[in-house]
Amino acid sequence: MSGNSFGRAFVLTSFGESHGAAIGGIIDGCPARIAIDSKEIQKELDRRKPARSAYVSSRREADEIHLFSGIFEGQTTGTPIGFVIQNCDQRSDDYAPFKAQFRPSHADYTYQKKYGIRDYRGGGRASARETAVRVTGGAIAKAVLQQLCAIKVRAYLSQIGCHRLAFESWQAVSSNPFSCPNQHQLSVIAQYLEDIQRRGNSVGTEITVVAEQVPAGLGEPVFDRLDADIAKALMSINAVKAVAIGDGFTSANQYGSMFRDERTARDGFLSNHAGGILGGISSGQTIVASAVFKPTSSIPIPAKSVDQNGDDCIISVRGRHDPCVGLRAVPIVEAMVSLTLCDHLLRQRGQNGQR
């Protein structure tokens, strides 16, 4: 198993490299007669693509989606959905110095050890360029979730560096390039990122994702728990180093009398510390999860490393890189949670019918 496919009932298989001719994917298991609007898929891709602001990579990719199978007259046919996205703005010469050198905290060294060969141009398969495929698959999964159960998956930037961002409204999230949940901290974020860029450094982030209208009963105990699969989905995204469900790591500071989500016949659940999942199965509450993205190591500040011969070297990474990879990660996080929920929804219906 090569690890390029995700899901069991709704399966996305991804292919392509950062500086190859194209990237793309195949979706197998999508139900028939799901309305698909290619413009809506393109909107999702436009949210992820580079060069959207001064604070992300200046690589200019149109990210135009080409759907070539599985959709007829605007509806899915139940057969595999194939799509491809051309790579048009590669600058492979920027990576020539790293043909024989390993960039710190990148996949260069581990890919070389695993395969004995690696595509050093833009990180090859390990590049975040691959996530455009996930966003495409996630857009189709969103259509399935919306049309079958009215499930809505949205995410926002909840922390950047030392700045915790208070949630104000979804309208605020969609009205700025940072996916910041409130208008009051926008100038602080902008100034903070400018300072980071000026110093030639980078910074980490946290993205919070919320899934509403998820029916109770999704999840397969014990090894395919819904929260376990969400964690796997989010951890599979480039640069993610931690995942939390519900209150997550802050649960360690709480008492059972506080954390337990009590409920009454009249009001239902009185809290949602568990993040909408109990015993690995959705409870019918809103599902809440978060993913922490490390600061990218593609920065001009010199760093110690070694080359393929095992000799010491000094590396300074220049070119078109994100000072904060989390800024473009919001639609990717949404996509992976949507893929997970879609997979579990179809598995639940296949096993237990529509309840």
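Using N, Cα and C of the backbone, Cβ positions are placed for all residues, glycine too.
Taken from Swiss-Prot, the feature NADP(+) binding site applies to ARG48, supported by sequence analysis. According to Swiss-Prot, the feature FMN binding site maps to ARG125, ALA126, SER127, ASN238, ALA239, GLY279, LYS294, PRO295, THR296, SER297, SER298, ARG320.
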Handout entry: Inter-residue Cα distance where the pair is ARG48 (NADP(+) binding site) and SER298 (FMN binding site), in Å
Key = 19
Exercise for the section: Quick one: of ARG48, LYS294, which of the binding-site residues has the smallest count of other CB atoms within 10 A? Expected result: LYS294
Practice task
Please work out the number of neighbouring Cβ atoms within 10 Å of the Cβ of SER298 (FMN binding site), leaving out its own Cβ.
Solution key: 21
Exercise for the section: Tell me, if you would, which residue among SER127, THR296 (binding-site residues) has the fewest other CB atoms within 10 Å in the structure shown? Expected result: SER127
Problem - Rounded Cα-Cα span from the residue listed as 'NADP(+) binding site' to ALA239 (FMN binding site), Å - result: 15
Handout entry: Cα distance (Å, whole number) from SER127 (FMN binding site) to ARG48 (NADP(+) binding site)
Key = 14
Exercise for the section: Give the sequence-ordered list of residues that share a chain with ARG125 (FMN binding site), lie 6 or more positions from it, and have CB atoms under 8 Å from its CB. Expected result: GLY16, GLU17, SER18, TYR111, ASP119
Handout entry: Local backbone state of ARG48 (NADP(+) binding site), from DSSP in three classes
Key = helix
